[in-house]
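*Asks:* Got a structure for you, written out below as structure tokens; questions coming shortly.
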Amino acid sequence: MGIKYQKIGDVVIVKKELSEDEIREIVKRTKCKAILLYTTQITGEFRTPHVKILYGKETETIHKEYGCLFKLDVAKIMWSQGNIEERKRMAFISNENEVVVDMFAGIGYFTIPLAKYSKPKLVYAIEKNPTAYHYLCENIKLNKLNNVIPILADNRDVELKDVADRVIMGYVHKTHKFLDKTFEFLKDRGVIHYHETVAEKIMYERPIERLKFYAEKNGYKLIDYEVRKIKKYAPGVWHVVVDAKFERI
């Protein structure tokens, strides 16, 4: 059977309509409780999927990845399989001396593995979508974490200054527009994990130019960086992350 599908917990996502036979085959093969068709691209600021339920009713599930539990409603919340390596990398990027700010926490995609395995002093996990925030709080409990403070807010309205050794910017729509706030969060020295979607031909230039521009504007200088590819986003366009080190001038 050549049907492409993605399994999140015990819910399956497909990208095209299925026949009754195909539905039966997937249910038999995966033991899933629901099959969802993602009808259009994920849209809007809150990254909400547009879905049609092809089988079952219950779309809330618990997905296990890398020893972490993620509760989510797959009909309401996006789960990106393409970011799995980055979630693993973030798990061990920090240490117990750090304070981390996750500016776009979602349901805890990066916060949960990082808090669990790196054991930083504290993670401020900021999320403005109330549905995602609900699951973020659930996931903090599910994973028995006591070093995460969830904050329901637009990160630009959060009053935290000079607190972060590390800031995660895991969002790819005009991410640079949030950099002024990022430098407010950052201590005198720190690391920013800056995500962006960028045309392949300027992939190693544009993100760095943007980081340098906002650093200078906020009294910092870029001292070291590395650009990493996460996944192909569209033809000729990559989702990249820049690990960038800064210090205050």
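Counting starts with 1 at the first residue shown.
Every residue gets a Cβ built from N, Cα and C, even glycine.
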*Asks:* Kindly point out which candidate in E58, E127, E196 is recorded by Swiss-Prot as part of the S-adenosyl-L-methionine site with S80, R87, D154, N155.
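*Replies:* According to Swiss-Prot, the candidate sharing the S-adenosyl-L-methionine site with S80, R87, D154, N155 is E127.
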*Asks:* Across all the protein chains here, work out how many other Cβ atoms are within 10 Å of the Cβ of R87 (S-adenosyl-L-methionine binding site).
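*Replies:* Here the count is 20.
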*Asks:* List nothing but the one residue from S80, N155 whose Cβ has the fewest other Cβ atoms within 10 Å; the candidates are the binding-site residues.
*Replies:* S80
*Asks:* Determine the Cβ neighbour count for E127 (S-adenosyl-L-methionine binding site): the number of other Cβ atoms within 10 Å of its Cβ.
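*Replies:* A count of 27.
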